[in-house]
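Colleague: Got a structure here, written out as structure tokens. Questions coming.
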Amino acid sequence: MISGRQTLASIDQALDAERVKLTEMAQRIEAASTTQLKLQQADAEDYRALARTRVDLLAAGELARHIDQAEQQVIALLKAREEALEAIGARIHAAELERTRLEAERQTQAEQVDRAAEAVDRAEAGTQARLNADPAYQQQHQLAQAAERTAMHAEEKATESEQEKDQKGASYRADPLFIYLWERRYGTPAYKANPLARWLDAKVARLIGFADARANYARLNEIPERLREHAEALGAAADAAFAALEALDSAAREADGIPKLEAELEREQQALNAMDARIAAAEAEQQRLLLEQASFATGEDAQTKKAVEYLAAELRHDDLMTLRREALSTPFPDDDLIVSRLLQRDDERRRLEASGQGLRDSLEQQRKRLSELESLRVDLKRSGYDRPGSSFQDGALVTLMLGNFLNGMLDRNGLWRVLKEQQRYRPQRSDPGFGSGGFGRGSVWGGGLGDLGNLGDIVGGGLGRSPIRKRSSGRRSGGGFGGGSSGGGFRTGGGF
């Protein structure tokens with residue numbers, strides 16, 4: 001078993017590790033983008049040197065000046081990029097400080113909620129101890145339990161009888177002669193027919209033994225109805241006994257001031273919910289800024305794209321391409337050395353472009369995983385899973401599934417499903433199943449948080465208790481108690 005706060009701490013550690021990975025990946029991509037730009041700048045320098053070696057090229061001076069102008073334009077763009085990046089970094093730092101401040105405030109508010117919940121829990125435990133020692137309360141509790149058991153038994157008998165009716169009555173309903181006489185109400189004061197029809201119906205009745213069959217079928221229909229009426233009466237009595245017990249619970253809680261403590265808890269919880277909403281907004285803003293910063297790392301920002309595209313276009317200038325081709329055709333070693341460097345940088349660019357896409361894909365996957373983990377953390381807190389008394393039954397399984405999520409083997413919904421299935425809550429002192437809470441109809445008790453496993457309702461602003469429910473009638477189509485033979489129990493000549 002692992003506590004809710006230990007689980008939250010594990011998620012926080014995983015978030016820190018994922019943020020480090022994301023930063024490292026962004027730095028690698030930014031380094032690759034910077035290298036690409038430096039390669040282009042080195043090309044420009046070599047083209048300038050190549051132009052100077054070609055004294056026969058009348059436009060060499062003009063070409064060098066053209067390259068210088070391109071470089072100056074790129075330098076200006078990169079300076080603007082650096083300023084924009086610094087501004088975003090400052091905003092991210094401010095957003096991180098704001099989120100940290102809000103998290104600290106949330107921790108303080110969460111402690112307020114915990115104290116309020118503990119006050120409710122302690123008060124309920126005291127009330128339950130007092131009721132345990134109250135003979136009148138214990139008598140009503142025993143009465144309600146006995147009424148519930150009796151009603152459940154009657155419900156089972158009624159359901160079984162209804163099923164028996166369906167099973168045994170099938171053979172009667174399948175005989176066309178019997179069902180013909182039954183529907184005509186033959187053998188009862190309600191039967192009406194002309195003399196000829198009476199004579200024919202009498203012959204059919206004697207042929208299939210209708211008198212005995214009708215009596216059996218009538219009893220088969222009548223017994224379930226009587227048992228159902230009896231079960232409903234006992235169910236109403238059980239409801240009344242339960243309501244009386246629940247009223248004693250509520251009166252005792254009122255006398256001990258528990259509703260006021262719960263109102264205070266709800267106010268503190270609402271304040272915590274508002275704090276969570278502010279944190280969510282701050283995290284969303286931080287994520288937006290991080291995405292904007294990541295665009296600089298990947299070279300997708302406006303300044304970098306302009307610089308790369310501008311310099312690349314200038315380096316594809318016809319005069320430069322002519323200069324490069326002519327340098328390849330001359331025997332001068334200086335030309336050959338410069339062209340060799342240009343060719344090497346061409347190869348380096350192709351290698352960087354090939355690896356860059358893979359790095360960008362990895363960055364996107366890590367960013368998505370980080371976003372999902374942050375969303376999961378928010379849901380865990382909003383659902384109260386980090387509250388005192390909240391725990392996860394199989395701590396090893398939770399740790400394993402968290403690792404699988406971080407490794408990309410499990411999606412966010414799968415991890416959340418595991419957390420919901422494993423989460424349990426138990427007040428420290430009071431018992432949600434005490435008194436009227438032990439009948440499966442909801443509970444007025446809850447240690448400040450309501451029914452076990454019902455923590456998710458806290459998000460809605462209430463205390464999480466399930467509403468008190470009446471017993472549901474067990475009348476089901478085809479339900480019931482099997483028993484007896486499947487035959488109709490009468491002789492027939494009518495084909496069944």
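Cβ atoms here come from the backbone N, Cα and C positions, even for glycine.
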Colleague: Which stretch, out of 48-82, 223-257, 258-292, 293-327, is listed as coiled coil by TrEMBL?
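Modeller: Result: 258-292 is the stretch TrEMBL calls coiled coil.
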Colleague: Check each of the ranges 103-123, 334-354, 376-396, 439-459 against TrEMBL and return the one annotated as region 'Disordered'.
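Modeller: My reading of TrEMBL: the region 'Disordered' range is 103-123.
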Colleague: For the coiled coil (258-292), find every same-chain residue at least 6 residues outside the stretch whose CB is under 8 Å from a CB in it, and list them.
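Modeller: For the coiled coil (258-292), the nonlocal Cβ contacts are 22, 88, 91-92, 95-96, 98-99, 102-103, 105-106, 109-110, 112-113, 116-117, 119-120, 123-124, 127, 367, 371, 374, 378, 381-382, 448, 458-459, 461-463.
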Colleague: Would you mind giving the whole-number mean pLDDT across the coiled coil (258-292)?
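Modeller: Averaged over the coiled coil (258-292), the predicted model reaches a pLDDT of 89.
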Colleague: Per DSSP, what is the helix/strand/coil residue tally across the region 'Disordered' (103-123)?
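Modeller: Breakdown, helix to coil: 21 helix, 0 strand, 0 coil.
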